[in-house]
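In what follows, a structure is listed as structure tokens, so that the remarks can point back to it.
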Amino acid sequence: MIQLAISRLLLGSLTLLLAGTVWALGEVKSGYDYVKDETRAMQDDDFENPGMLAVEQGRELFSKMPDSGKSCASCHGEAGEKLDVKSLARYPIYDKEQGGIVRLEDRIRNCQKDQASTEPVPYYDHELLALETFVRNLARGEPVNVQTDGEMESLLKKGDELYHIRFGLIDMSCAHCHDMYPGQYIRGQRISQGQGNGFPAYRLDTGEMANLDLRIKQCLTLMRAEPFAPDAEESKLLEAYIMSRSNGLKIETPAVRY
Ligand code: HEC
Ligand code: HEC
């Protein structure tokens with residue numbers, strides 16, 4: 001019953017949307033430009049930004065010595081200063097050795113397994129999210145710079161296709177909301193271009209951190225579609241495609257979003 005009511009509500013707002021003006025996607029804009037002034041102010045002030053808590057947790061985990069193996073800091077510097085921020089801004093990357101797309105969270109898990117000789121933290125675990133937030137925050141202010149040529153070209157094309165496929169009971173694609181209606185409101189939320197430069201981000205709605213994978217999952221649930229597994233090929237393709245759309249936008253991690 002409740003689900004039906006929600007889907008009615010959703011369909012109702014969508015009909016309203018469709019009756020409105022169709023906005024063409026011109027300039028690439030961060031989700032930052034679509035949130036309320038108060039939310040922007042919260043993001044801009046490190047003492048107010050709730051996402052900074054995850055950065056701090058990540059920093060602690062980074063230098064924590066695991067029961068067996070090595071700490072991240074022992075190889076990458078106490079504050080991660082040996083990591084190259086320009087290189088971090090390129091994620092997700094194509095990795096020849098892994099034979100496909102590697103996201104930041106995959107890279108961290110690979111390091112836990114192959115370098116630190118520890119058990120990789122499961123996807124969606126708070127610790128992995130905190131580590132990802134800490135590492136990505138090192139590159140805050142760097143423009144997103146995902147590779148678009150070479151091996152990435154055909155993979156991004158597949159991501160582009162997924163972005164335009166209709167999913168779920170409401171039979172819409174990602175592009176329906178994020179390409180056609182940025183600036184319009186749906187259930188009190190202002191639709192943005194669905195960019196990835198703010199992630200992992202703090203969500204006021206859930207009171208939790210979400211990385212890009214989780215955010216996509218939340219949209220698929222909104223579309224009443226079955227979310228992809230965190231390490232599914234579809235998740236990686238969609239994320240790489242979204243981040244390539246964000247090329248040139250400054251990394252905001254941890255952004256604050258509705
Ligand atoms: C024994 C040393 C060692 C440990 C411990 C280690 N790493 Fe790494 N890490 C590496 C090496 C070597 C590379 C680069 C080789 C590669 O790309 O696989 C790397 C690559 C990375 C990268 C990608 C950097 C880039 O520019 O692409 C990230 C992010 C990273 N590590 C994070 C972590 C985190 C987080 C931890 C702790 C959970 C960790 N590493 C533990 C050695 C280590
Ligand atoms: C019914 C409309 C709708 C559809 C369809 C939809 N989304 Fe969203 N999405 C939203 C709303 C509303 C938000 C929150 C406001 C915003 O940032 O746009 C959001 C937020 C996002 C964000 C976060 C943007 C930011 O800067 O915080 C991403 C990324 C995203 N969506 C990706 C997707 C992907 C990928 C799909 C397809 C699988 C999709 N969305 C489908 C409505 C939709």
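These residue numbers are counts, starting from 1, taken along the chain as shown.
Keep in mind that glycine also has a Cβ here, set from the backbone N, Cα and C atoms.
The shown structure was predicted, so the numbers you read here are calculated from the model rather than taken from an experiment.
Feature annotations, courtesy of TrEMBL:
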type	residues	note
ACT_SITE	CYS219	active site, cysteine persulfide intermediate
BINDING	CYS72, CYS75, HIS76, CYS111	heme c 1 binding site
BINDING	CYS174, CYS177, HIS178, CYS219	heme c 2 binding site
BINDING	ARG215	substrate binding site
DOMAIN	53-246	domain 'Cytochrome c'
Alpha-carbon distance [CYS174 (heme c 2 binding site); the residue listed as 'active site, cysteine persulfide intermediate'] in Å: 8
Most distant Cα pair in Å, residues CYS72, CYS75, HIS76, CYS111 binding heme c 1: 11
Shell list (heme c 2; ref centroid = CB of CYS174, CYS177, HIS178, CYS219; cutoff 8 A): MET172, SER173, ALA175, HIS176, ILE191, GLY194, MET223
Nonlocal neighbours by CB distance (under 8 Å) for CYS177 (heme c 2 binding site), same chain, sequence gap 6 or more: ILE186, ILE191, GLY194
Distance from HIS178 (heme c 2 binding site) back to CYS75 (heme c 1 binding site), taken between C-alpha atoms, in Å: 40
CB-centroid shell, 8 A cutoff, heme c 1 site CYS72, CYS75, HIS76, CYS111, site residues removed: PHE62, LYS70, SER71, ALA73, SER74, LEU83, GLN115, ALA116
Whole-number Å value for how far the residue listed as 'substrate binding site' lies from CYS174 (heme c 2 binding site) (Cα to Cα): 12
CYS72 (heme c 1 binding site) CB neighbourhood, other CB atoms within 10 A: 24
Among CYS75, CYS111, CYS174, CYS219, which are recorded positions, the residue with the most C-beta atoms within 10 angstroms of its C-beta: CYS174
Cα-to-Cα gap, HIS178 (heme c 2 binding site) vs the residue listed as 'substrate binding site', nearest whole Å: 13
